[in-house]
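Colleague: Dumping the structure here so I can ask a few things about it.
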Amino acid sequence: MTPALAAGLQVVFVLAVLAVAYVPVGDYMARVYESRRHLRVESVLYRLCRIDPHAEQTWYGYAGSVLGFSAASVLFLYALQRIQGVLPLSGDLSGVSPAVAFNTAVSFVTNTNWQSYAPETTMSNLTQPVGLAVQNFVSAAVGMAVAVALIRGFVRVSRGGEIGNFWVDLTRGSLRILLPFSFVIALILLSQGVIQSFHPGFASTGLDGNSVTNALAPVASQEAIKELGTNGGGILAANSAHPFENPTPVSNIVEILAILLIPVSLTRTFGTMVGERKQGLTLLAVMGILWGSLLAVTLAAESGRRGVAATAAGAMMEGKEVRFGIPGTALFAVSTTGTSTGAVNSAHDSLSPLGGGAVLLNMLLGEIAPGGVGTGLYGILVLALIAVFVGGLLVGRTPEYLGKKLRQREITLAALSVLVMPALVLIGTGITVILSSTTGYQGNSGDPGSPGSIHGFSEVLYAFASASNNNGSAFGGLTVTSDWFQTALGLCMLFGRFLPIIFVLALAGSLASQKKTAAGTGTLPTAGPMFTGLLTGTVVLVAALTFFPALALGPIAEALQ
């Protein structure tokens, strides 16, 4: 079988499974969030927490609940890491240092899962499931809740601007969607050889004759939600390149499907809830065009034979697992950076300049191809409003989307939401590269314009793009254990997560308080090929105008050498 045929078959299989799951999963999630019935276990939780599940919240009440819950989660996870040495199942591990504990707590609560530590030698078998795995569920559920709140903003007509109840949305997303889906995925991964154990580990002798300690952990259960919730943080440092996490080509495809399942299906949920399923298909088409284009670029770049080693191997195999090959590696890399997952089955730092630039651009587009769980949907909806506004200017009409007028307030909130990530990425990268104290942490450096300095800049740009987009993947040549990186990247994760959430919820409240207007002859149609092209162009144009200078100094310059 030729590499091209292998790549084509894997892509076709992934798309076929997603197509089969699209309608049932999307409609199921719509029923979950629209249902008036509460499961018995949900009712018990509401009573224990003194929550009125029938009480509606305005946007600021909803935002306050999101921020309060997330702040409590950060404090709990930070404390758990600091005292893990005196807790059961800690083995020989001590408490985590303050800087790493802060960075990790912020990372997992924001759905970033940036890991500046070796998990198997830092986190205990209690901290992993009780602290980190729990956040894998609830941080994903928070993103889905915000997306659903924005959908309600388009659907509802309420003078008070109520957009739902955060606590109900959080509970339903966790118990009715993420938990059962994760259980099924975990069983499939177990069948492929992914480990599930609370044993501290075992010793073995390597080929060089030295003794090696192999860490064991409850991997399968966390691996499932790691991918399904677009979290990405692995129990093992090698992440999904490790055979304990991702042992076979079949498990690799299962993990890719888990990454894409909910973000793709949420477009169907959106179309179902607003009563116009073509609207969801239009958003899905934009996501598919961007995802497919970057996948083609990455496959072509990594299948090339640049250099003696690549020519001998038949492709750019450095940093890649032979059991996955170029197709499985490229498919995973584009899927994990097009969502907020950040899991890796290869060393992204070893990707070719063009391939590394493609996965970096995937994040800089705003992670909307197809985006993280919930975050991808509300991210592309915000960009859709920008596209409608631009289209309205072209035809001289008041912009409308789904019967709601886009006034100055709505456009301002949409623009602010879009601008948060670029500001964090460019400011963080700029400050880092001019600080002399950070150069020692760059594995690649040198005189200005040299290959080392160019790739070193790409590593810094990638780190801040990953943190600000709540992705979590990294170019491994950059050492991020210093207090500067722990703090700066931690702040980027916080602001990159919660500022857009605040703006999106404010937008949802503003839309919900409006009356619906009937579409007229001058209304821009927002379903179909024309709007698909307009929205795709808007996404690319915003990213190009914002990041082209930075990309020209990094991946583009490196590719041209």
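Every residue, even glycine, has its Cβ placed from backbone N, Cα and C.
So Swiss-Prot has the following annotated:
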- 5-25: transmembrane segment (TRANSMEM)
- 60-80: transmembrane segment (TRANSMEM)
- 86-106: transmembrane segment (TRANSMEM)
- 131-151: transmembrane segment (TRANSMEM)
- 177-197: transmembrane segment (TRANSMEM)
- 247-267: transmembrane segment (TRANSMEM)
- 281-301: transmembrane segment (TRANSMEM)
- 324-344: transmembrane segment (TRANSMEM)
- 376-396: transmembrane segment (TRANSMEM)
- 415-435: transmembrane segment (TRANSMEM)
- 488-508: transmembrane segment (TRANSMEM)
- 537-557: transmembrane segment (TRANSMEM)
Colleague: Which one of these stretches, 60-80, 324-344, 376-396, 488-508, 537-557, has the most C-beta pairs shorter than 8 Å to the transmembrane segment (5-25)?
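Modeller: Maximum Cβ contact count belongs to 324-344.
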Colleague: If you count Cβ pairs under 8 Å, which stretch among 247-267, 324-344, 376-396 touches the transmembrane segment (131-151) the most?
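Modeller: Maximum Cβ contact count belongs to 376-396.
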Colleague: Return the stretch with the most CB pairs under 8 A relative to the transmembrane segment (281-301), choosing among 60-80, 247-267, 324-344, 488-508, 537-557.
Modeller: 324-344
Colleague: Mark yes when the transmembrane segment (177-197) and the transmembrane segment (488-508) have three or more Cβ pairs under 8 Å (sequence separation 6 or more) and no when they do not.
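Modeller: Counting Cβ pairs under 8 Å (6 or more apart in sequence), the transmembrane segment (488-508) does not reach the transmembrane segment (177-197), since there are fewer than 3.
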Colleague: Can you say which of 247-267, 376-396, 415-435 has the most Cβ pairs under 8 Å with the transmembrane segment (324-344)?
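Modeller: Selected stretch: 247-267, with the most Cβ pairs under 8 Å.
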Colleague: May I ask for the residues of the chain that lie six or more residues beyond the transmembrane segment (376-396) and have a Cβ under 8 Å from a Cβ within it?
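Modeller: Long-range Cβ neighbours of the transmembrane segment (376-396): 146-147, 150, 263, 266-267, 270, 283, 286-287, 339-340, 366-370, 406, 410-411, 414-415, 417-418, 500, 504, 507, 522, 524, 526, 531, 534-535, 537-539, 542.
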Colleague: Residues sitting near the transmembrane segment (86-106): Cβ under 8 Å, six or more positions beyond its termini, same chain?
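Modeller: Same-chain residues near the transmembrane segment (86-106) but 6 or more away: 73-75, 77-78, 80, 112, 114-117, 121-127, 132, 198, 200, 481, 483, 486-487, 489-490, 493-494.
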